[in-house]
């Protein structure tokens with residue numbers, strides 16, 4: 001082939017007049033208006049960053065003769081116009097999308113294993129936690145002290161939540177400071193599950209309200225011993241581009257676990273000791289299995305050590321401040337209110353079905369328990385289907401559209417619509433509609449909310465501490481939700497007004513989420 005042709009057979013353009021050579025990359029540069037297809041031009045247009053136009057008011061002295069002469073002289077001086085790059089442009093993002101925040105470069109196989117571990121943990125802990133908190137412990141309290149059931153459930157949630165609040169922040173910080181050949185999170189996750197399981201097993205012999213309260217506090221303590229480092233692993237080891245998808249599988253796993261937990265709890269309502277034994281086994285194994293599914297966490301012995309002293313421990317209780325902290329607090333308060341609304345109904349669903357839906361049924365205690373178990377079982381299946389569908393669809397769509405804030409706010413509004421159904425329909429059908437509509441909304445919320453939280457962290461190096469503060473929303477929401485429901489019941493001796501109060505709470509959550517800036 002002659003020198004007048006490229007290797008692909010295309011003719012080389014002639015030199016410019018007066019020259020004997022072709023300048024590579026200049027004279028042979030194609031005319032993009034001609035060679036690009038319409039689809040290519042549209043793709044380039046989407047990546048273009050529009051420049052803001054600033055309108056400058058006319059100077060009232062612009063027509064003055066002295067000003068005009070000075071302006072003419074200024075314009076005669078040579079100068080260069082420099083186009084400054086936009087720091088927000090996607091063209092300037094040179095990060096490797098497969099590198100996580102801890103500097104580890106992961107493969108697709110590693111991401112799948114991480115996602116599988118997160119999902120498995122959320123399923124198993126969701127089953128155990130929901131069966132305990134929504135069915136088995138309330139049923140045990142109803143058997144021991146039926147006249148104190150609503151107030152005592154509020155008490156154990158309040159006291160347990162305070163312990164969980166402190167434990168979440170402290171153990172998240174401790175894991176940040178840990179240096180070992182197993183990494184900073186692994187040992188905490190594995191040991192916390194075992195200790196939590198031992199406390200659950202203790203409920204098999206609990207025969208008084210103080211003993212239930214003591215063991216419940218132990219469960220909260222060691223569950224957050226495990227959970228705070230677990231949540232921080234998302235920020236540590238999952239690259240940005242996969243967080244939405246992994247978060248959606250986590251959300252799907254969490255909702256699947258919660259709905260399956262209600263189903264399992266309703267099946268074990270007549271055999272509470274067996275339920276507690278199975279729950280102890282689940283918590284005891286979950287941490288060990290999860291760290292086995294994940295790629296082994298690298299040693300961090302060479303990471304800079306931060307002394308473990310009182311000052312650093314107290315820093316765990318200092319919330320983020322400075323630039324970007326406003327978004328953090330909107331996410332914190334929004335999550336707190338949303339989960340509080342969820343807790344208002346699901347935390348008391350056994351009592352709502354027994355003493356609201358079947359309040360006029362005339363059934364005895366055994367009949368009420370059996371009828372309530374049947375309704376909760378059907379609700380669990382409906383919620384499972386709706387939530388899984390929402391989680392599997394919403395996460396990938398959120399990644400594709402690069403949207404986090406708007407879907408989370410819309411999910412909160414959808415949950416409010418579902419909460420209106422039992423208020424309007426005083427029947428099992430109202431609860432079934434709640435399970436379908438609110439289940440889809442909460443499934444969408446869980447699928448995207450964690451990715452939203454990670455995206456607004458002020459300092460990735462303190463992910464464990466900051467996510468611990470964010471996760472305290474779950475803890476405080478249990479206090480708020482339980483306090484609201486128990487207060488409504490104490491004032492009205494009825495569960496009907498729980499639903500409108502719940503609607504107001506979750507709509508406030510949606511408004512708070514929409515206040516977040518810099519995230520779509």
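Every residue gets a Cβ built from N, Cα and C, even glycine.
As written in TrEMBL, here are the features:
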REGION    1-31  region 'Disordered'
TRANSMEM  111-132  transmembrane segment
TRANSMEM  152-174  transmembrane segment
TRANSMEM  186-206  transmembrane segment
TRANSMEM  212-234  transmembrane segment
TRANSMEM  246-269  transmembrane segment
TRANSMEM  275-295  transmembrane segment
TRANSMEM  328-351  transmembrane segment
DOMAIN    335-520  domain 'Major facilitator superfamily (MFS) profile'
TRANSMEM  371-394  transmembrane segment
TRANSMEM  406-425  transmembrane segment
TRANSMEM  431-448  transmembrane segment
TRANSMEM  469-491  transmembrane segment
TRANSMEM  497-516  transmembrane segment
Inset, instruction - Please work out whether the transmembrane segment (328-351) lies in contact with the transmembrane segment (212-234), by counting C-beta pairs under 8 angstroms that are 6 or more apart in sequence and asking whether there are at least 3. - result: no
Legend entry - Contact between the transmembrane segment (275-295) and the transmembrane segment (212-234) (3 or more Cβ pairs under 8 Å, separation 6+): yes
Legend entry - Among the ranges 212-234, 371-394, 406-425, 431-448, the one whose Cβ pairs under 8 Å to the transmembrane segment (246-269) are most numerous: 371-394
Inset, instruction - Please indicate, using numbers and ranges, the residues of the same chain that are 6 or more beyond the transmembrane segment (212-234) and have a C-beta under 8 Å from a C-beta there. - result: 114, 118, 121, 125, 129, 132, 137, 140-141, 144, 155-156, 159-161, 163-164, 167-169, 171-172, 175-176, 184-185, 188-189, 191-193, 195-196, 198-200, 202-203, 206, 243, 246-247, 250, 283, 286-287, 290, 294, 450, 454, 463-464, 467-468, 471, 475
Legend entry - Among 152-174, 406-425, 431-448, 469-491, 497-516, stretch most in contact with the transmembrane segment (186-206) (C-beta, under 8 angstroms): 152-174
Legend entry - Contact check, the transmembrane segment (406-425) vs the transmembrane segment (497-516), 3+ Cβ pairs under 8 Å, seq sep 6+: yes
Legend entry - Cβ contacts under 8 Å made by the transmembrane segment (371-394) with residues that lie 6+ beyond its boundaries: 135, 248-249, 251-253, 255-256, 258-260, 262-263, 265-267, 269, 349-350, 353-354, 357-358, 361, 363, 407, 411, 428, 431-432, 434-444, 446-448
Legend entry - Residue numbers, six or more beyond the limits of the transmembrane segment (469-491), whose CB comes under 8 Å of its CB atoms: 150-151, 153-154, 157-158, 160-162, 164-165, 168-169, 172, 224, 227-228, 231, 319-320, 328, 331-333, 335-344, 347-348, 453, 497-498, 501-502, 505
Inset, instruction - Please give the sequence-distant neighbours of the transmembrane segment (431-448): residues at least 6 beyond its ends with Cβ less than 8 Å from one of its Cβ atoms. - result: 244, 247-248, 250-252, 254-255, 259, 338, 342, 345, 352-353, 357, 375, 378-380, 382-391, 394-395, 398, 404, 407-408, 410-419, 421-422, 425
